[in-house]
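Following: one structure in structure tokens, then a few remarks.
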């Protein structure tokens, strides 16, 4: 009987002690909450700025961060194919690519022009600015295909030897052709004659022995430093050029003054040829004494073996005497 009574008395004492400590603990927690976030309750520990190092031992920092075997081991496995799809269906067969190139040919002439002998469009070999095409020093051996809108062509300092009949076909707006410093020795008759708008033909420093048939709209013809002979200029060929104003044939192999000359001519350069004589009607019509070539003011015959003093009646219709050796 004494033992049970003793245990009951001990239980009552402990219960009373625990009840008495509750107000103190609650008061302590209220004080910590009143001070803001300076204290944190972690289980049975009260963590604050004054006892941080007492609650958590920082000397074994690596041990604190060592999770050991707590993390599960990740295993890499293959995903099973979706339900309803067999393994044969899930395997894709790569498509075999053909190594043979496919050639695509353009159906129309592009803005860059058709391919030339180099295999590239003309405007990639030359420089195309508006209606002007510049092919200077491009190592060309032929006239390249040109855009239909070409108005001015410059193909100087190349290796062109021949101008063919179809080189300028369809270029109805072409006004100027400059082929200086090439190796042109022949021009087909229909290469230039059918160009309705051609005004300036510049051909110095080539190897021409004869002039081609020219369109009637031509105004400037420059064929200096060639191998032109008098037999290479067809009779009446120049008279038909009713708009021709400037004719430059210096430094050739001419042995006579070409003619008859058109009335529109303003300048005639024949210096450094082989001219020894001239016809009395080379410039003036001896039967028309009142006729005057008032536009022809620039005639150059210097550098020829001719003596201009021997032909005084040949200049009466001219506003100025020719330049050359006299007396």
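Glycine is treated like the rest: Cβ placed from N, Cα and C.
Annotated domain 'LRRNT' per Swiss-Prot: 111-148, in sequence order.
Look at Swiss-Prot and you will find 61 (among others) tagged as sulfotyrosine.
Among the features that Swiss-Prot reports, sulfotyrosine is placed at 67 (among others), with the record citing sequence analysis.
Positions annotated as repeat 'LRR 2' by Swiss-Prot: 173-194. If one looks beyond the repeat 'LRR 2' (173-194) by at least 6 residues along the same chain, the residues whose Cβ comes under 8 Å of a Cβ in the stretch are 131, 148-167, 200-209, 212-215.
Residues or ranges marked as repeat 'LRR 5' in Swiss-Prot: 243-263. On the 0 to 100 pLDDT scale, the repeat 'LRR 5' (243-263) averages 96 in this prediction.
Across the range of the repeat 'LRR 6' (264-285), the DSSP-based residue counts are 0 helix, 3 strand, 19 coil. The repeat 'LRR 6' annotation in Swiss-Prot covers 264-285.
Feature annotation from Swiss-Prot assigns repeat 'LRR 7' to 295-315.
Summarising the annotation, Swiss-Prot assigns signal peptide to 1-19.
With a threshold of 8 Å between CB atoms, the same-chain residues lying at least 6 positions outside the repeat 'LRR 6' (264-285) that come near it are 224, 241-257, 291, 293, 295-306, 311, 313-318, 323-324.
Across the repeat 'LRR 5' (243-263), DSSP assigns 0 helix, 3 strand, 18 coil.
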